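Chemist: The structure under discussion is supplied below as structure tokens; questions concerning it will follow.
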Amino acid sequence: MNTIAKLNALVLAGGQSTRMGVDKGLLEYHIQPQRFHIYNLLRECCDMVYMSIRKDQQEQFSSDVKCVVDQNIYPGPFNGIMSAYRKHPDHAWLVVACDMPLVDLQAINRLIDKRNPLRVATTYKAMDKAFPEPLFAIWEPKGLSAAEDYLEKKISCSPVKFLAENLPEIVKPLRDEVLVNINDQDQYQHLLKRIKEKPES
């Protein structure tokens, strides 16, 4: 009988944020820097939560924040994900990018509830998108093992393409906006204004 892999969580916070011009993980939408906002949300759902970072970011974190330092073996978004996989290859990983400011606890719990450990991953896909979202997804150990082979064969370094070719479990978000990612200052200012103008429930 197959056992379900223990689920760890990972905040992807090691990107260079070139288009934004500042570290996207340090932007504030919800009182605190976004990387810590996501980190704290994930702590409500998972026992072990890690921050995926570059080596030059290490001094920015206190010892009580568990970090996975990028090993720089693979390029792009797979860098952080595969670095975490190499740290705990027998665990599944719930990954959330730090540039998705509308991710909330409801969306995280829905993904966990819909998890299918028999697939390579469980991932959201917005109605208006052709491909699944790899950076708000649960990656199973066998999926990451297959991704490692995929990368070693240099088929592609795109997690989007990998998922599109390997039949993940697709989950429909209750609100597509939770998958919005912010990449430049105009998008940031527009969303920040919208959040501030939104009436409190």
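The backbone N, Cα and C atoms fix where each Cβ goes, and this holds for glycine too.
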Chemist: Return the residue out of D47, D90, D99, D104 that TrEMBL annotates for the same GTP site as L12, A13, G14, K24, D70.
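Modeler: Within the candidate list, TrEMBL flags D99.
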Chemist: For the GTP binding site, please report the maximum Cα-Cα distance among L12, A13, G14, K24, D70, D99 in Å.
Modeler: 18
Chemist: Determine the minimum-neighbour residue: among D70, D99, listed as binding-site residues, which Cβ has the fewest other Cβ atoms within 10 angstroms?
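Modeler: The binding-site residues D70, D99 were compared, and D70 has the fewest Cβ atoms within 10 Å.
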Chemist: Please report the three-state DSSP label of K24 (GTP binding site).
Modeler: helix
Chemist: DSSP-wise, what's the residue breakdown of the domain 'MobA-like NTP transferase' (9-151) into helix, strand and coil?
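Modeler: Residue counts in helix, strand and coil order: 49 helix, 31 strand, 63 coil.
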Chemist: Of these binding-site residues, L12, A13, which scores lowest on Cβ atoms within 10 Å?
Modeler: L12
